[in-house]
Amino acid sequence: MNKRRIYWVCQIGGWSFYGFLQIFLYAIAQQPDMTHFVGEALQVLFYIGSTHLLRFIVIKNGWLALNWVKLIPRLLLIIFGLSVFNYAFLLGYSLLSNELTVRDFLPLTIVLNVFGPMIIYFIWAMIYFTFHYFERYNKSLKYEAAAKEIELRNLRSQLNPHFIFNALNSIRALVDENPVKSKNAITQLSNILRNSLTIDRQRMVTLSEELAMVKDYLALESIRYEERLHTEFDIDPESMRHLIPPLMIQTLVENGIKHGIATLKTGGIIKVSSEVNEDSLIIQIRNTGQYLNGQLASNTGFGLSNTKKRLELIYGDQATFLINNESKNTVLTQISVPKSL
């Protein structure tokens, strides 16, 4: 059963139970007539519609992501408005059924008939937010498990002994001919290792932090590939503060080098660009080479499939991941994720 169906089953079932409970409690004191039955049925329909409206407002305005300090005032304001409309609805029905009296307009009656529904709406909201809290918690557990696996796979395959061996050999060759450059290379390698070893401590990093590591990685690879590797960056300054999963770009850049630049005798270009639109951060990685269909699902496409899985776990259907041949000699990898506040 999908979430939408569960929601409507709970919504209709819960409010129907509330209506039957109200009739039962009323019947203990006196015999309900048809007017009361109809009124209670209309009340149930009103609650179903008004709480669905409340849900729409919550989702539309992103209130599920707010902390309690920011959420409660907004929630109380909307609940108060719905409670006032609820009482106006009851007055309208009483008028149509010729049961409207002066007593219905007394201040105490108005306060009680507004405050009562406010409590009901608040209970409904707490149930709704609690459900989503546990849903996010379960997703968080899945992400943490995936992050641990990513760290291990990253240490084994992305920063494997072969990579470190090649990097150290490149650095050793520079020691005599260019001591300054070799020192920088050692610093870059240590930065990469440090960031990889601490991945489990950071769920998200800024684009600025991620790019710093990517530049260290590319500088280190430039020692290995020399003139075969050229790099370009076209970064929107506005995008630098936004958050992304750690090692996301580094993984894709490494994939571009491994399956593109490294396979070409003349090498090629790695270009990283970013832009921010109304609600998304868009990151593009272009590399010289050709994307082969099926690479995403193959063992050699671990970086791509892993990236896709991480995006699904963290953002659900709010993120997109695309890879294709932009031209005969250029592969485009594009990620779009929601902007962070």
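Glycine residues also receive a Cβ, built from the backbone N, Cα and C atoms like all the rest.
Annotation source TrEMBL lists domain 'Signal transduction histidine kinase internal region' at 151-229. Look at TrEMBL and you will find 7-29, 41-59, 71-93, 105-131 tagged as transmembrane segment.
Among residues of the same chain six or more beyond the transmembrane segment (71-93), those with a C-beta under 8 A of the stretch's C-beta atoms are 39, 42-43, 46-47, 50, 53-54, 57, 61, 63, 100, 104, 110, 113-118, 121-122, 125, 129. Along the domain 'Signal transduction histidine kinase internal region' (151-229), the predicted structure has mean pLDDT 75. Residues 1, 36-37, 40-41, 43-44, 47-48, 51-52, 120 of the same chain sit 6 or more residues outside the transmembrane segment (7-29) yet have a Cβ under 8 Å from a Cβ within it.
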